[in-house]
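Asks: Structure provided below as structure tokens; questions to follow.
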Amino acid sequence: MEISLLLMIENYLLFSVRPTPQGGGKYSCILLFSISHCCSESIYLPCIVSSVLGIKKTAVFTFKKLEPLTVLQVLIKMSLISKAYIAKVTTILTHAAADGDKRMNGLSFLMDVSGWSKRGRLTSMSFSFLVLLWLHLDFTAGPQIYHSALCVLVQFLMLRLMGRTVTTVLSSFTFQMVYLLAGYYYTATEEYDIKWTMPQCVLTLKLVGLSYDYYDGGKEPSQLTSEQKLSALPSVPSLLEVCGFSYFYGGFLVGPQFTLRSYQKLVAGELSDCPGKPPNSVLPATKRFALGFLCLVIYAIFSPYYPDSYFLTDEYDAQPFWYRCVFLLLWAKIILYKYVSCWVIAEGVCILSGLGYNGVVDGEHKWDACANMKVWVFETTPLFGGTISSFNINTNAWAARHVFKRLKFLGNKSLSHVATLLFLTFWHGLHSGYLLCFSMEFFIITVERQALALVRDSPLLSKLANSALYPLIYVVQQFLHWLFMGYPLVPFCLFTYDKWLKVYSSIYFCGHVFFLLAFLILPYIRKALVPKKERSPTKQD
């Protein structure tokens, strides 16, 4: 969460300022403020800034004491602000390597591989590949970077060596998922773990989706759906493209998911409301940042009053049943703001870079290509289906596109739905709580669909739902909605069966009882309230 916030603030500073060819005092000060926190040798920073921006007051200096990471971070910042100055950055890096630092020679090699010397500029793909090193060395597990690097390399080799075949897709799916599950098995504890497996689960979907998109690129256009046409890859991507796509800073840690085709359009400068110019993305990105920050504040203020650990205390067990249910409802509402804040802030970063641009609809520029939350729907819907469709949108869309719809050959939507939820269960982790959570989701959605069909087909219930009593009905719906929305979240957040079983026992398995009774009773209510001509299977589905 802190990393997403830092990236958002940094990129706001970097993208909102446009340099002049001559450099300048005010511009240099803003740049200095933006990158000063990450440079261990601040004494050299003014020299680097002066040289890159072409300021004439440049002192003679040496890089012998400058750490490679410092140069790396400065390169990242410089590349974002203006590609025109990359030739001078090349000179700086070459001089540093000439001083005898072998680590600098390694950076020079990376520069050549990325195409800096050939094209005289740092592409966005190169930038993203470098950001990987910055994030891991500064914030995460350091040497454990090899997990993601290995998976990216293996995925690239599969695309290159195995071609557009079903074998490639199956091999990619198997390798990436087995690697992720092995990581869960060897590193998971009974608590929420923040380690290399957290970004790895996001990367797994990216790389598996990449194999699908490459496979689709070999099909005839008539064989592809409209979604597949947008994401299909006409040619095999380069290693640099795969690395840039995999480690793009806006989606590496917590998502959102996006396709390589979208990333290629971003690099080509096609994702902008002003063709040929940088996107006017500061305002829409700042709005998402503000909304995400608000959710973060709500979570920070109220989460100490609704901790997960309270469910396991004797004090919770001693409370009246109604109190335990209300606590569950409020806890569920607050706990989800943790995820909402991360995703909305990360979306703001993607918007700022231009990746969030989604074309023009009804004369208005849209910036929701990377939207992972529909916050208004999430807050106002009284339906379980509405909450699910507005929450973690890109992951759900990925699962629908690459799992659910690819299982069409089964000939049964319910079976495809179960298989998709089973995939998401293991993608999240190996704890029993995930399996119970997604099992409950399937059952709750099934019952809700039956109830909605009943209201739709019954003249009496339809009239009641559209009467003056609807506000009261809405309040009751929302109470039940959030009470039983929190019910499957208990195992999702507590992970192990001994914990979630204790909580469910304390509230007498009310969720299971409620939805099981509803599932059994609704068909009889339908027979009583729905005219015979409305009882066709199509209507019920």
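Here the Cβ of each residue, glycine as well, is placed from N, Cα and C on the backbone.
TrEMBL annotations: computationally assigned, not manually curated.
Dumping what TrEMBL says about this protein:
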- 169-187: transmembrane segment (TRANSMEM)
- 289-306: transmembrane segment (TRANSMEM)
- 321-340: transmembrane segment (TRANSMEM)
- 410-427: transmembrane segment (TRANSMEM)
- 467-485: transmembrane segment (TRANSMEM)
- 505-525: transmembrane segment (TRANSMEM)
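How about a rundown of where these features are and what they're close to?
Replies: Proximity of distant same-chain residues to the transmembrane segment (169-187), defined by a Cβ-Cβ separation under 8 Å and at least 6 residues beyond the stretch ends, is recorded for 147, 150-151, 154-155, 158, 162, 193, 195-197, 200-201, 204, 207-208, 210-212, 215, 426-427, 429-430.
Here the transmembrane segment (289-306) has Cβ contacts under 8 Å with residues 1, 5, 8, 12, 327, 330-331, 334-335, 337-338, 340-345, 347-348, 375 of the same chain, all six or more residues outside its ends.
Residues of the same chain lying 6 or more positions beyond the ends of the transmembrane segment (410-427) and with a Cβ under 8 Å from any Cβ of it are 177, 180-181, 201, 204-205, 395, 399-400, 403-404, 434-435, 437-439, 441-442.
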Asks: Report, as numbers and ranges, which residues of the same chain sit near the transmembrane segment (321-340): CB under 8 Å and 6 or more residues beyond its ends.
Replies: 1, 292, 295-296, 298-299, 302-303, 306, 308, 310-311, 373, 375, 378, 391-392, 479, 482-483, 485-487, 489-490, 493, 506-508, 510
